[in-house]
Amino acid sequence: MAVLDTALARCGRWLQRARRGRIGLGLALQGGGSHGAYTWGVLDRLLEEPRIEISALSGTSAGAMNAAVCAQGLVRGGRHGAREALAEFWEAVGAAARLSPAQPGLLGHLLGDEGLEWSPTFGGLLALTRVFSPYELNPLNFNPLREIVERHVDFAALRDPASPDLFIAATRVSSGRLRVFDNDELSVEALLASACLPTLHHAVTIDGEDYWDGGYCGNPVVYPLVDLAHCGDVMLLLLSPLERQGELRSAREIVARASEISFNAAFLREMQWLARYESSGDRTLRGTRFHLLTPDAGLAERAQLTKLNADWDFLQALHAGGRAAADAWLAAHRRALGRRSTVRLAEVFGSA
């Protein structure tokens, strides 16, 4: 019965969009810690477009948070409500960061370094995580993100038929397999599971199963937007560059790049399969138009450790960068929405 209700709700939303002349857009939101504030900026700008209606969101980690907050904001207050909800969520993240022992530090601010390399405490904390588990360092399982999610996500609104479809990725610890939570399955635990870095947080237990960050299996997952939500237009919002040039020589650079590759591997494999379907003319993708928004040079060049910097000034700078990137994308491709793809998957994700 729930499946039928979901299908009828999707059909009703599709008819309403058609009558209003709006374009339904599915968004795949990549995770990336505090860099998710860049995605906030992109969403903030897209929500200003009168012809775009966000019909579905797939997200992992920070992308999952943005997806859930945006969706419940749309249900409760339309476009303005979604923009306001996102701003309040990220303001809460910035406020919580002020109480964190891991701060950029005065020297980092003076040098214009947005990472945490110059933090007087972060280096020591990071070293401890390589020797002790979160269960030893944080036996009470304190996670400031829990309170933020509880305060800023209305899960009843996400189960409303008017809500965009949501697909939130997490990784089963026991099998290493992907689990995708939909609107009816979403909870505080599901969102925390999607953002659970195992070196920093306890595994999140749902129905007796332990979960870690969804990035290990899909960052983000794209197939639900095509197979389940049947989005005509799908936009991929990435926080990591598709390629990094230059030689890696320092231990920090090597560890950071290895982590980035690990978290992007499943997504790249999925996109290679979709690229094959696209090239072969398979009916699976018939009628699906793909769009891609990659990080600007400023975000792409930021060090891996800046993903752990939730200083409010830094989050605002990321938000501004995301808005500018979305504005530039819309200026170049707005007319293509609802008509044609603006990226050929085979050219970007095809096998080398």
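Every residue, even glycine, has its Cβ placed from backbone N, Cα and C.
Note that the coordinates shown come from a computational prediction; the quantities given were computed from them, not determined experimentally.
Feature annotations, courtesy of TrEMBL:
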DOMAIN    27-226  domain 'PNPLA'
MOTIF     31-36  motif 'GXGXXG'
MOTIF     59-63  motif 'GXSXG'
ACT_SITE  S61  active site, nucleophile
ACT_SITE  D213  active site, proton acceptor
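Mapped onto three states, the DSSP output places the residue listed as 'active site, nucleophile' in coil. Look at the motif 'GXGXXG' (31-36): DSSP puts its residues at 4 helix, 0 strand, 2 coil. Non-local neighbours of the motif 'GXSXG' (59-63) in the same chain are 28-36, 39, 166-169, 194-195, 213-215, 218-221, 237, 239; each lies 6+ residues outside the stretch with a CB under 8 Å from one of its CB atoms. The Cβ of S61 (active site, nucleophile) has G31, G32, G33, G36, S194, A195, D213, G214, G215, N219 as same-chain neighbours under 8 Å, each 6 or more residues away in sequence.
Take the CB of D213 (active site, proton acceptor) and look out to 10 A: across all protein chains shown you find 24 other CB atoms. The average pLDDT computed over the domain 'PNPLA' (27-226) stands at 91. Under the DSSP three-state reduction, the residue listed as 'active site, proton acceptor' is assigned to strand.
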